[in-house]
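Copied over from Swiss-Prot:
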| type | residues | note |
| --- | --- | --- |
| ACT_SITE | 150 | active site, nucleophile |
| ACT_SITE | 311 | active site |
| ACT_SITE | 344 | active site |
| BINDING | 217, 345 | substrate binding site |
| DOMAIN | 44-350 | domain 'AB hydrolase-1' |
């Protein structure tokens, strides 16, 4: 059952945000949605941070006839993991994206035209600094919890390390302290796909470079799955529409990737895809520090980590490295390795595997 009807809101900030690169971005719009009610002491707010191609549309529908609910609808609502009878849940779109927050599709106030590649390179840390502005606007001094998976988990880590006084707890799923060379190389190939689409025009396109973006999405989508899940869903079955010996005949998995890729281009912008891919590749929770221990030294909040056995994009060993560093420092840390065949996307597809563990963790949080 869906959460119900929701409304997206836009917060505009006339301030200028100094980015990690040293460049200035402003004014800034941040798209966000809220669920539940902020209590009188303003102490029950949970910020959910989205992954690479996510949005602020966490749960519910914008109208009765909308076919798809928000991207994590199942965990939000009365009696759900993020119980809206108990918590005030917030989800905001990151800067650099194309779902309402300031990004390369936004109008550059200096030129009156779209930023496109004039938009500055942004980092996950910059995303979180922008979110802090939103929390200030909402009058929330300290969050009960920050919860996110993948790039959302990176944001949760940044909250815990950069704003420790503002975080009561963090739940981090399927993430990494820093993407590996393999993860970066896969994003590099996805970038090439867009760069080599003649319709990209060095970012100055009027129509989305669909072929390049669809291919880039296909590459990315493979990294979100696992061999086990792909075998279970497709195996080596040949498409019933094609002759096996037709030169352009496709396996079912090929048709799936084609459909998924071209469906994606109708809802996402190519330049935003590139900017967020760059932010992922640049991510390092220990940026500016000599070690993970130095990076995690400011942490005061308890952190609950989840890794998934078949996640080969951000494998469990990368989460375990962070857990070990936090334990060395004597921090409050909890770790669960979830057996799953669904790869990196397990945190989105199998929330029931970790829901009771997160509920128990949140019950023990003191803010």
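For all residues, glycine too, the Cβ spot is worked out from N, Cα and C.
Features recorded in Swiss-Prot, as mapped to the structure shown.
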residue	record	DSSP (3 states)
150	active site, nucleophile	coil
217	substrate binding site	helix
311	active site	coil
344	active site	helix
Can you work out the mean pLDDT of the predicted model over the domain 'AB hydrolase-1' (44-350)?
97
Euclidean distance between Cα atoms of residue 311 (active site) and residue 344 (active site), Å:
4
Do you know which of the recorded positions 311, 345 has the most other C-beta atoms within 10 angstroms of its C-beta?
311
Whole-number answer please: how many Å between the C-alpha atoms of residue 345 (substrate binding site) and the residue listed as 'active site, nucleophile'?
9
Tell me which residues of the chain lie with their Cβ under 8 angstroms from that of residue 217 (substrate binding site), as long as they are six or more apart in sequence?
190, 260, 261, 264, 265, 268, 273
At the level of the C-alpha atoms, what whole-angstrom distance separates residue 311 (active site) and residue 150 (active site, nucleophile)?
11
Looking at Cβ-Cβ distances, which residues of the chain lie under 8 angstroms from residue 150 (active site, nucleophile) while being 6 or more apart from it?
51, 52, 173, 174, 175, 314, 344, 347
